[in-house]
Amino acid sequence: MAAAVSRRINAALHVEATGDGESRHDIGVADSPTAKRINDAKDNDVWVPVQEGDVPGHSSRPLLFRTMKVKGSILHPYRFVILLRLIAVIAFFIWRIQHKNRDGVWLWTMSMVGDVWFGFSWVLNQLPKLNPIKRVPDIAAIRDQYESSASGESKLPGIDVFVTTVDPVDEPILYTVNSILSILATDYPVEKHACYLSDDGGTLVHYEAMFEVANFAKLWVPFCRKHCIEPRAPENYFGVKRQPYMGSMQEEFMSDHRRVRREYEEFKVRIDSLFNTIYQRSEAYNRKNTKEDGVKATWMADATQWPGTWIEQAENHRKGQHAGIVKVVLNHPSHKPQLGSPASIDNPFDFSNVDTRLPMLVYLSREKRPGYNHQKKAGAMNVMLRVSALLSNAPFLINFDCDHYINNSQSFRAAMCFMLDPRDGQNTAFVQFPQRFDDVDPTDRYANHNRVFFDGTMLSLNGLQGPSYLGTGTMFRRAALYGMEPPRWRAAGTIKAISKTKEFGESTLFIDSMLDGANQEHSITPTFLEETVNDELTTLMTCAYEDGTPWGRDVGWVYNIATEDVVTGFRMHRQGWRSIYCSIEPAAFRGTAPINLTERLLQVLRWSGGSLEMFFSHSNAFLAGPRMHPLQRVAYLNMSTYPIVTIFILAYNLFPVMWLISEQFYIQRPFGSYILYLVAIIAMIHVIGMFEVKWASITLLDWCRNEQFYMIGATGVYPTAVLYMVLKLITGKGIHFRLTSKQTEACSNDKFADLYVVRWVPLLIPTIAVLVVNVAAVGVAIGKAATWGLFTEQAQHAVLGMVFNAWILVLLYPFALGIMGEWGKKPSILFVLLVVSIGTVAVMYVTFRGIYPSSDWSAIAASLGKTEPVVGSPGKT
């Protein structure tokens, strides 16, 4: 509570940080009293508290979070417009059936099928959004209940923190060490949480980086505690120019700040030099210890050979072939605070009133063997789940990608507010935080922030059974990951029976630990690494441990699918568990997003391909069972089928090709009425979007970027995902999706340099084709209007059709900038290119129209496959 009081008292005090780093996100603005009043005012304009009522059987326990619902003045009109649009869509289909186009039946039929799917997918997307709910954690309440005892001992349960990484190049090691440092420094009882790093590459550089982290943490963690630093990842903290000082020792802050920053710069140099240091050390040892025909090993600092991957690949030391490794870098701390030493000549930092203990830190790399499917991230997470059960066995755990760090040191307590709440906390499987990102370009060209999804869709699912699991920034209940049923559905004696089953593998120690791990009041259990424990740890990490067990399906993270996160959450919801969406300010966690167009598209390809895999698996929403909320089932059905819509979107976007061939082409008659229906239906969906912008507290730019990137994905990424899925269904072979690279080419002069790098891949071709076709269609439409006369019926239809093409070009605007590379820095160049291209096509049309009379033009159309001229406009919808 003292830290919270200090934060409120000193929130207005800003300290200018030394250095020239550019602000990544202005914490001072986000956390200032003025900003808080503005945010509260926004909430009061949109959200109202729900009457919580009595809590049966728990009257003496305070509630740990507040529930908010959208004001009726916003919610009721929102629902009414949804109903009105549904009626309009039904009326539109009835009208189309009554006015069937006899001249182009095949086109009309295809258009009808597409429109039916559009309507169906819209219903799937919209129905789960009818009751958005916001839940706000009460951190003061959880402090009062669990940390206000006279002895000063915290009663909060233990947390195991999982961090996963694979490659120190694609996933820069500086991201990883900052993530670990933020975890070690988070504001949660030191003895109550432990941190695990899973290095799936088995490289020595990650292991030695953890020792560097442990040494620097002895300075960084007390500094954070002494001065209430936010955020607690040093790279991000020192990158912020202007920060509110939240501590109570202003006179010492600037001196400590300068010294810690200098130490951090030296720490970064050591981290950056690890590759060279390890290589040079290994070369020196190899010259002394390797025979002439021997293989060069990788050597550790203690003059022993590294058991993981060697620099020069060798049998049992190759990438993907090495023994399991578990190394405890920092042992479990004592339960009593250990105050630091006062300032002295040798030590300029006064930590005499600061607890200097550090949480437990463990490095592990699971066994890899040829011939085994190691199941990527999901397999690594399941190994960590088992290993942590023997080393700390906390009842709760939270997982991070290696590029995410803790931005709000109170985030663990915020999640605990939902897990320990007396209303239905025991039935909550996981708490999902939104993903927030640093270093995204200011205009968010490729919708990296994805606020419409995180602050709209996830918030609406909060009113059902809960949000889906999104892969990172998620706190889990260990019992739910073990596949146990929630208490409200659990048969008597189910937990006790777990200790007698061998379904979880052959490790007796692990099975015996499961009962304690399922107890939410359980703290971390320190384990002494005796020989028997080490043997069990080795067994738990072997490739064959899971053979013949339900691991990867009914236990742990789910296997054999690209979106293991969504499917794992689906399994828990199907069992009857619920989840909670928690959004706090400042944001709980922040990470790094790929701002290069190609990497962003490859990321979306993995998600969309995994969604289709989910639909064609045992995790299909139709097979969910009776414990899943009906609208939650609808939401999962939408998540697993949304890429299919690309078949029709791509067809509509390419219809203008026929406009270039035929004089007239009608999808529907009368064409004017058809356009009016479309305008009304499209206008209503935008009105619905504006309501969502209001209650989700997102900006209009966020909403526009979401619309634009959806079209970019639907024309290039989703077709590729559908093609991959078709090939998998035919061949039976799984889909391989490349790991998204977090490496950046940005330099000190331009932090967004990677935004303008063009990496050409086949994935770009469909969208480029759509772009070219619609530019040509606009030019032809202008040419026709000029040829026929602006006030003729044909010209008016051409102009109406051109509106559709122009709208597609607006939606593809970020993509067009992306493929321009460095020229994309000047959008005016793109505008000039479009005008020139459209003008050229229009002039060409007028010229050819003058050369070929109307009858000859029709003959050309017939020669291209038309038996007779088709009447109408170019398939504008």
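From the backbone N, Cα and C atoms, a Cβ is placed for every residue, glycine too.
What TrEMBL records for 78-97 (among others) is transmembrane segment.
Taken from TrEMBL, the feature transmembrane segment applies to 104-124 (among others).
For ASP200 (UDP-alpha-D-glucose binding site), the count of additional Cβ atoms within 10 Å of its Cβ stands at 22 [all protein chains shown]. Under the heading UDP-alpha-D-glucose binding site, TrEMBL lists GLU171, ASP200, LYS376.
Residues or ranges marked as active site in TrEMBL: ASP200 (among others).
The feature Mn(2+) binding site is assigned by TrEMBL to LYS377, ASP401.
Residues annotated as active site in TrEMBL: ASP565 (among others). In this view, ASP565 (active site) is surrounded by 24 other Cβ atoms within 10 Å of its Cβ, with every protein chain counted.
Residues or ranges marked as transmembrane segment in TrEMBL: 642-662 (among others).
For 674-697 (among others), the entry in TrEMBL reads transmembrane segment. For the transmembrane segment (674-697), the list of distant contacts is 42, 46-47, 70, 74-75, 77-78, 81-82, 84-85, 88-89, 92, 95-96, 122, 126, 129, 132, 451-452, 455-456, 459, 667-668, 703, 800, 876-877: same-chain residues at least six beyond its ends, Cβ to Cβ under 8 Å.
If you look up TrEMBL, you'll see 709-730 (among others) marked as transmembrane segment. Cβ atoms under 8 Å from those of the transmembrane segment (709-730) belong to residues 446-447, 601, 604-605, 608-609, 611-613, 616, 642-647, 649-650, 653, 763-767, 770, 808, 811-812, 814-815 of the same chain, restricted to positions at least 6 beyond its ends.
Taken from TrEMBL, the feature transmembrane segment applies to 760-783 (among others).
Taken from TrEMBL, the feature transmembrane segment applies to 795-817 (among others). With a threshold of 8 Å between CB atoms, the same-chain residues lying at least 6 positions outside the transmembrane segment (795-817) that come near it are 445-446, 597, 653, 656, 659, 664, 671-672, 675, 705, 707-709, 711-712, 715, 767, 770-771, 774-775, 777-778, 780-782, 784-785, 788-789, 824, 827, 830, 834, 872-877.
According to TrEMBL, the transmembrane segment annotation covers 829-848 (among others). When Cβ-Cβ distances below 8 Å are used as the criterion, the transmembrane segment (829-848) is approached by residues 775-776, 778-780, 782-784, 786-787, 809, 813, 816-817, 820, 823 of the same chain, each at least six residues removed from its ends.
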Integer Cα-Cα distance in angstrom, ASP200 (UDP-alpha-D-glucose binding site) to ASP565 (active site): 18
Cα separation, LYS377 (Mn(2+) binding site) to GLU171 (UDP-alpha-D-glucose binding site) (Å, whole number): 14
ASP565 (active site) to ASP401 (Mn(2+) binding site) - Cα separation in whole Å: 12
Distance [Cα-Cα, Å, rounded] between ASP401 (Mn(2+) binding site) and LYS376 (UDP-alpha-D-glucose binding site): 13
Neighbour tally for LYS377 (Mn(2+) binding site), based on other Cβ positions within 10 Å of its Cβ: 20
Around the Cβ of ASP401 (Mn(2+) binding site), the count of other Cβ atoms that are within 10 Å: 22
